[in-house]
Structure formats: structure tokens, C-alpha cells
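> Below are the features listed in TrEMBL for this protein:
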COMPBIAS  480-495  compositional bias 'Basic and acidic residues'
REGION    454-514  region 'Disordered'
TRANSMEM  31-51  transmembrane segment
TRANSMEM  72-88  transmembrane segment
TRANSMEM  94-114  transmembrane segment
TRANSMEM  148-174  transmembrane segment
TRANSMEM  194-214  transmembrane segment
TRANSMEM  235-251  transmembrane segment
TRANSMEM  263-283  transmembrane segment
């Protein structure tokens, strides 16, 4: 064992010849700690992969920035514990506890805010469902939840939580004169207080985490969010209930101290968190990419539109969209399509804007529709309101005002929601619908080929299909450069002989919005 440099007389007196700090490890224990440090070096790598794939469905709804922040601080905590033990004679008692106490507090706060945001997203979805079904309206609560979900790492509640949680640490460290103490000669009373403080923090976090996890969806757990938080909380609770009493009872036990049991227990807890919340989602991303079936129908616009027009299809798809945090998109799709085809009792343009696009809209589409497009709609409707544009007669072009937003929603459905939906048990109806749709379409084409070769065929499996979306005719005064993405949809319509062409003068002067 290495000797302690410097005069530690005061610290030796404070510790009363009974220091509880673990001695500097030697032999196999020292080698094991170095191995732990080397093995744990994979944590930053997997965290970078986690951030790189943060837009993937299995990661993006876990608050990837918050989770990555937590993982980084947890890794720094493990490094501080390991190096602080290996080189305890070269650092002060104050620095020892600050070096791992502050990262631990940051990790605890990050984890709680990550889970709290996930729960808030579920609660916000539930309020959106209730609002869409007109059961009740809690616009103020929805606004508060939306603001919290959107808040970043530098939000006021988060900063206050960090400050409040680190105050007891500083109070304990400054309550005694430990300026001449090394990490090996910290006062026994201070060591005990620190143990109680850190384990009480862990206990609070575990209890709150388990309680919050019950606020997640219990019906559909597409991203395993609920299972991840509950599993993590239960494992931490098991360690807390078993190990904490042993630590308190055997605080000065030579076996516990000489073998650095506490260090290894903390490392195990860190890797449990890292595997459940970071490594497992990254693994799911690569596994889903490698095992993705090419036989899965990737759904086109007219298929999805016809399917969502059926009662069962819309019900199943909207049910699936709730835990996917896409419910507001399904409601917006229905409202915009009803407006576009002039369905009975459809919402007016102002009502759709107030419900989905206004800055304080209850079912705002800011997570799907690009901010530039939302800003354009805000400018258009603000100008109509400012100059009191009168409502004119309804025309075909009036119904295309929301095509840009509808285009963005449809892209998200086809790119993310539909591929997952058709592999989910709720998507069984979709697969059956596609088969019937394809067979019926082919049959109709063969039957009517000789009689009406140029007549557009109907499938008979759903209501009249919505005309193809052409963003080029909507909001042209504030046009975007995304029309090229409509090429695939237009080719399908062209082959079916249903492509609708608008005149150039109509695409330049949009009428007032209804």
C-alpha cells in the first residue's frame, strides 16, 4: 500500500483512528478496477451511436438528448470512482467527493427529467385524444405539458433541480475543516454522512422512477418505454434493498473495504442503466435494419388513403398512433382530407388552423410539419385576419390550401408509422385490406378492359378516393421546393388516368382561406 504524502494530523484526529475510506487497492483488486475502466470505455462509443440514430423510432421518443446527457455523466461518475480509488493518496478529500458527487447528481436529474418527459408525452397524447373526441378541454394543461416537453437541457426547472440537489453536497463538505485531508484520511463522520446522502438520493430516484413508469401506456408498448423504465427501476430497487443495509452494517468491514465491493456494485448499476436505455435501443436499430422483410408492403398514397377511409382502418390506425405519439397527425389528416373533398360537416379552414397550426393549437403539428411551412400558414392566416379578407365562394383550389401540411403528414405515415403498423398485431387489418384491394383492383381492370378501356376503375372496397395531392396548387404565393417529392404519387395517378391538371393562372393567385 502506498504511503500518504503530507501532514494529515488534523484529519487523523477527526477520523479518530477509524477511517472508513477504502484503502488503495493492490494486486488482483487493482487489476480488476483497471479492467473495469477499460471495458467501460465502450460507453462513449455506444452513446455516440445512440445520438447518431436519435431519429430512429426506437430511440427518438426516449428523449435521446436527455438520455445521452445522463449516460455521459454516469460514465464520468464511474471513472471518478475508479480513479479516485486508485489514486486516493494524490487527491484531497474535498475533490474526491466533488469529482463523483456532482456527476452523480447530474445523472440523477437527467434520468428523472428524461422519464418525466416521456410520461408527459403520453399524458399530452391522452389529452389530445380527449380533445379530439370532445370529452373535455384542458387547453391550459396541454399548453403546460407541451412547453415542458419542448424544454431543453438549459430549462429553468432543470437548472433549479441541479442547484437544489447539489446544495446538500456542498453543505456536508464545508461543514468540517478538511482542507488538509486526503481522500484516504477523510473524517469518519463525513464518510458516513456521504453514504447516507448518496443512497438516499438513489432511493428517491428509484421510487419516483417506478411511480412514473406506471403513468406510461399499459395497452401498447411499441418502443418498450414502459418496460425499460420499470425494469431499470426494479433492478435498482433490488440492489438498494439488499446492498444498502449491508453497506451501513459493514461500513468498516475489512472484506468490504479491501475488496472495493462498493466500487464494483456502482459499476454494475451503471452498466444496467447503459444497457437498458442506451445499448438496447441502438441494438434494436441495427437489428431492425438487418431483419427488415422485403415482403412487407410499403403502402402507397392511394392505398393508405382508401384504408383510412374505412371505419376499422381509421380506428386501428389511430389506436396504434397514440403510443407512437402520432395521434394528432391522424386527426389532422382526417380533418384536412374532409376539408379537401368537402365532406359533410367538415371543419372550416380557420378551425383547422386553430386546431393544428396556430402557435397555441391543442393538436399542433410542429413535430411533423416543418417549421417553415407552419410559419407560412401563420403568415397567411394572420394576413387574412388583419385585412379582414371576406369569405368567397368555395372552389376546387380552396380545398388545396392544406396540401403542404397534408404532404408532410403523409410522408411521415409512409416513412415511419405505416412500416411499423403493418408488422404490429393491430396492422392485421391493413394486410388483409391490401390483399383485397389489389385483387379487386386487378379483377375490375380485367373485367372492364374490353368494355370501358379508358374508364377509371373503382375498387369497391372503400369510399371515393381523394384526388392526388399537388402541393404546387396550394399556397403558391408562399411556395416551397418540395413538389419534386410528389413525383412517385403523380406517376401512380398518371397510370390510373386520374391526374388532375390545374391552369397556370389559378396557381398564382390563391383565393381567401375559408
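A Cβ is built for glycine as well, from the same backbone N, Cα and C atoms used for every other residue.
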> Quick test of the contact rule: Cβ under 8 Å, at least six residues beyond the ends. What residues does that give for the transmembrane segment (263-283)?
22, 32-33, 36, 40, 43, 46-47, 49-50, 53, 56, 58-59, 62, 67-68, 70-71, 74-75, 77-78, 81-82, 85, 111, 228, 231-232, 235-236, 239, 243
> Looking only at the recorded stretches 72-88, 94-114, 148-174, which one has the largest tally of CB-CB distances under 8 Å to the transmembrane segment (31-51)?
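It is 72-88 that shares the most Cβ pairs under 8 Å with the transmembrane segment (31-51).
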> If we skip the immediate neighbours and take only residues 6+ beyond the ends of the transmembrane segment (194-214), which ones have a Cβ under 8 Å from one of its Cβ atoms?
97, 101, 104-105, 108, 111-112, 115-116, 119, 165, 168-169, 172, 226, 229-230, 232-234, 236-237, 240, 244, 247-248, 251
> Under 8 Å between C-beta atoms and at least six residues away from its ends: which parts of the chain pack against the transmembrane segment (148-174)?
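Those are 65-66, 69, 94, 97-98, 101-102, 105-106, 108-109, 112-113, 116-117, 120-121, 124, 190, 193-194, 197, 201, in sequence order.
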